[in-house]
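Record features (TrEMBL):
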- 40-57: transmembrane segment (TRANSMEM)
- 112-137: transmembrane segment (TRANSMEM)
- 143-164: transmembrane segment (TRANSMEM)
- 207-229: transmembrane segment (TRANSMEM)
- 235-255: transmembrane segment (TRANSMEM)
- 260-279: transmembrane segment (TRANSMEM)
- 285-308: transmembrane segment (TRANSMEM)
Amino acid sequence: MVSKAKALIASTLLTILLLYFLLSQLDLRLLFNTLLNLNPIYVFLGFLCYLTTYLFRTTRFYVLLNKSIPFSELFKVVCVHNMFNNLLPARTGEVSFLYLLKKFHGRNLGEAVAVLVVARFFDMLSILTFFLISAIFVKSVSINKFLIASLIFILLLIFLLVIFSRKRILNALDFFQAKFDSKIVKNILRVFRDTITEFESVKNLKIIVLSALFSFCMWFFLYLTAFLILLSMSIYIEFASAIFASTFPVVTTLLPIQGFVGFGTIEAGWAIGFSIVGIPLEIAVLYGLVWHFIVIIYYLIPGIVAMAKMHSSKG
C-alpha cells in the first residue's frame, strides 16, 4: 500500500514538473484555439483508423487463441485491455488482458501470458521495422543507410530464427547463461529465453506468420491515426516523419514511472521526436497535448462501451 502511494505521488509530481516545463514553451491561447479549430473530418477519420487497429488486434489474438473465443467477445476484451493499458503506467494494464480472459472466458493464466508475450514480440518487431524504414526518408536524420538495411536484415533474421530454430536458440541461451557471472546479463538472457519459450506454445507456422502480418497492419493504422491528427491541426509533414516521431512517445509508455494517464511523459516523447524531424518545440508540444486529448477520447469510447456490455452479459 505504501509503495502504491509512493508511485502515485511520484507520478503526480512527474506530471506537474513535465507539464509545467512543456507548457512554459507554449502559448495557452494557441492550445485552446487549436482545439476549437480542429478539422472534424480528419479527427473522425483518425477515430476510424484507431478502431481499425482494434480489428487487427482482435484478429491477432483470435488467431493466437486458435479461434476458441468468439471474435465479437474477444473484441470487447481488446477494447477494455487497450483502455487500461493506456490509463495505467509502465504497461501494468497488461494484467487486465490476463484477468479478462480468465474471468469471462475461463482461460488459464499460462495460455494468456503466452499469447500476450508473442503479441508483444511482434509489436516490438513492427515498431523497430517502421522506425528504421522511416529513418531512411527523414531528411533531418543522417543515418547510414547501409546500417539501417543491416538492422532490418537482423530483425528479419531474428524473426526467421524464432520460427524455425527455437530449440537451438534456447540451447544457445542456456549455454551463455551458464557462462556469464553478471546478474544483469543473466537477467537479460532469461527474458529472451522466457520469450522464446512462450513461442513453443504456438506450434503452427501459419499462426505465427499471420500474427506478424496483423501486427504490422495494426501499427500502420496507428501511425496513420497520428498522421491524421496532425492534418486535423493543419500541420503538414511527410508520413515518414510522422512515423519516425511517433516512435518516441511509444517508448515513454515503457518507463517504470510515468505521468498521470501518461501526461507529461508522452508529450516529452513527442517533443523529442518532432524536434529531430525539424518541427519547432512549441508546435511539437502543442501536437503532443492535442494528440493526447484526442486519443484519450478514442480509447475511452470503445473501452467504456465494451466494459459495460461485458458486465451486462455476465450479469
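Any Cβ shown, glycine's included, is placed from N, Cα and C.
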Sequence-remote partners of the transmembrane segment (285-308) [C-beta within less than 8 Å, at least six residues beyond its ends]: 22-23, 25-26, 30-31, 34-35, 38, 43, 46-47, 50-51, 54, 75-77, 79-80, 82-84, 86, 225-226, 229-230, 232-233, 235, 249, 261-263, 266-271, 274, 279
Cβ contacts under 8 Å made by the transmembrane segment (207-229) with residues that lie 6+ beyond its boundaries: 42-43, 45-46, 49-50, 52-53, 56-57, 59-60, 63-64, 66, 118-119, 122-123, 125-127, 129-130, 159, 162-163, 199, 239, 242-243, 246, 287, 290-291, 294-295, 298
Surrounding residues of the transmembrane segment (40-57) on its own chain - C-beta under 8 Å, 6+ positions past either end: 75, 78-79, 82, 214-215, 217-218, 221-222, 224-225, 228-229, 231-232, 294-295, 298-299, 302
